[in-house]
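The next block holds one structure in the form of structure tokens; read it before the comments.
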Amino acid sequence: MVAPRIPYVLPFPPPPIHPKNATTLSAAIDAVTNFLESRNTVILTGAGVSVESGLADYRGEKGTYRLNRTYRPIFFEEFVGNHEARKRYWARSFLGWPTMEKAKPNRTHKSISILGTLGVLNHVLTQNVDSLHHTCHPYLRTTELHGTLRTLTCLTCHSPYPRVEFQKTLAELNPKWAEFLHTATEAGIFDNDHRREQSIKTNPDGDVDIPGAPYTKFHYPPCPKCLNSNNIKVLVDKQGSHQPNELSATNGVLKPSVTFFGESVALGAKAEAEEMVDKCGGILVVGSSLATYSAYRLAKAAHDAGKDVGIVNLGGVRGEDFFFSNDGKGKRVRVDFSAGDILGGVVKNFGGEVVTREQDEIPPSRGGVGLEG
């Protein structure tokens, strides 16, 4: 069996700007506006869209893979097959969840919402697991290709469970960790701003790494439905935390409702995304390097079908030589500006309400905190 790998952690080559005059912001906005004139375009978003919401991206200039070359997310088989790996995952997720929970839609999400209201867009495909699209524009149909961190799914009974409730139980089972999280949050340690030298970065999947932290002592609860079932054997310790055994190692194990590395995209999401690309006139990629195949194949399918392909992203993207070769039959646009700048300008061009960027003050650091085993 071939072990799954993290695709394309190194930067892609510089992008081929198209049209060639789209090197200024105003020209780039006009180019994307022209691209969307057909009003039959699907938009595909990635982690770069959520950066202004205080969340990290993976491959951007300050992305997780660029700043931390040793970072490695958990793989599906590792989570399913290793109790210690699950403890480590949930400890890091416990620390990162407040940042995910408090994140709010930014000007890019709001611009997409307005473009939906104006009839320019009718469907959003997203690789993001933060659910900010749903929060910002619940009326605009959105397909979450990789799921959402807002819920968990039991590996045994497949029932959903709210992440908010799970976080409360984690805090009860791990009081020292809860105290550390409270103190660190008050001190602003988890603020994802590059100007704060003492900050601890929260990764795009809600993961926070604390070097030297006692992950082996972390406790996580089982699925409450399985625990109360007469037909499913679930072992817990006296505190109520999950205890695996040889015969029922994963009974009652709750997993985030997201697609891990090494795991297949949910069939429903995959089919819905393919249907939308098949029906659309073109696809606009925003804030994504298309490094993961689940996203790249959608853009490739549009290209192969002779549809329009556009890309709004800071930095290079997978397959650009392919998309912008002479073989492309539909319209093409490629601009190297932030999603917020471009889509905000596009909204204005279509006569929508101007969306401005909100600047938050950065409070001063209030000292360090520690976590003891």
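Cβ coordinates come from backbone N, Cα and C, glycine included.
Annotation comment: TrEMBL describes 18-353 as domain 'Deacetylase sirtuin-type'. Along the domain 'Deacetylase sirtuin-type' (18-353), the predicted structure has mean pLDDT 89.
Residues or ranges marked as active site, proton acceptor by TrEMBL: His146. The Cβ of His146 (active site, proton acceptor) has 21 other Cβ atoms within 10 Å, all protein chains considered.
Among the features that TrEMBL reports, Zn(2+) binding site is placed at Cys154, Cys157, Cys223, Cys226.
Sparsest Cβ environment among the binding-site residues Cys154, Cys157, Cys223, Cys226 (other Cβ atoms counted within 10 Å): Cys157. Report note: the Zn(2+) site is defined by Cys154, Cys157, Cys223, Cys226, and the residues of the same chain whose CB lies within 8 Å of the CB centroid of those residues, excluding them, are Leu155, Thr156, His158, Ser159, Pro222, Pro224, Lys225, Leu227, Ser229, Ile232, Val234, Asn251, Gly252, Val253, Leu254.
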